[in-house]
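Participant: Pasting a structure below so you can have a look.
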Amino acid sequence: MPDAQDKLTLLKNRLGIAWRDEGLLTRALTHSSFTYENRQNGLENNQRLEFLGDAVLELAVSDYLYRSKPEMDEGDLTKLRASVVCEPSLARVARELELGTCLYMGKGEERSGGRDRPSILADAFEALLGAVYLDQGLEKAAGLAIKYLAPLIGDVLEGRLERDYKTELQELVQQRGGEQVQYVILKEEGPDHHKSFTAGVLYRGVLVGQGTGRSKKEAEQQAAKKALMKSDLGSACNHKK
């Protein structure tokens, strides 16, 4: 069975990138639980790279959809993009790349199944894109994103991927003459490397759904799902102030 270094080598070969600074790749694969358990070493986790990669991802997919789907209007493009860059899609790509096996992760997080947790995998893929952007530039990072995400577009259009409840909820509200919904984090529990979030979705200041998850994105999706299940949501949307 390959050890951690062998797995990292396999990942490098899979990516086909001649890294100028391999430290960026290491940082992209470093989960906050690892730096928490080894904080005396002054290591940096992948959260800042994740922030950067998120922006790269949105631009790359937006550009690709704009060029490849000329028949779609702005609303359809936005909905499709949201489904492509959502957590389940990114986690699926991360599994294809076997990022979970390469992560530097704390022992506690690993014991709790962190290597296959969708939120962690999705964040790692975004961090990887951030690292590639800094090391190789936007064109290379965007190319990597599209290489793995473009095949999922057909799956999204044919309903083979998990639903994006946040987009569905906003569309429902807008179709019925409503306003934007708002998401708030109601509660955070646990240490930084092992948090649980509770999110609420508000419509005109009223809490219409609540959900929990291991990431803010997951919690918000669950809150939107709960809101969509409410039979009285439609009448609330139709009620004008």
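Every residue gets a Cβ built from N, Cα and C, even glycine.
Annotations for this protein, taken from Swiss-Prot, read as follows:
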DOMAIN    8-137  domain 'RNase III'
BINDING   Glu50, Asp123, Glu126  Mg(2+) binding site
ACT_SITE  Asp54  active site
ACT_SITE  Glu126  active site
DOMAIN    164-233  domain 'DRBM'
REGION    214-241  region 'Disordered'
Participant: By a simple count, how many Cβ atoms lie within 10 Å of the Cβ of Glu126 (Mg(2+) binding site), its own Cβ left out?
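Facilitator: Its Cβ has 27 other Cβ atoms within 10 Å.
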Participant: Show, in sequence order, which residues other than Glu50, Asp123, Glu126 on the same chain lie with their Cβ within 8 Å of the centre of the Cβ atoms of the Mg(2+) site.
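Facilitator: Surrounding the site, in chain order, are Asn46, Gln47, Leu49, Phe51, Gly53, Asp54, Ala122, Ala124, Phe125, Ala127, Gly130.
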Participant: Across all chains shown, how many C-beta atoms besides its own are within 10 angstroms of the C-beta of Asp54 (active site)?
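Facilitator: A 10 Å sphere around the Cβ of Asp54 (active site) contains 18 other Cβ atoms.
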Participant: I need the most crowded of these binding-site residues: Glu50, Asp123. Count other C-beta atoms within 10 angstroms of each C-beta and give me the top one.
Facilitator: Asp123
Participant: Residue counts in helix (H, G, I), strand (E, B) and coil for the domain 'RNase III' (8-137), per DSSP?
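Facilitator: Summed by class, the stretch gives 99 helix, 2 strand, 29 coil.
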Participant: Using DSSP, tally how many residues of the domain 'DRBM' (164-233) sit in helix, strand and coil.
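Facilitator: Per DSSP, the residues of the domain 'DRBM' (164-233) fall into 28 helix, 24 strand, 18 coil.
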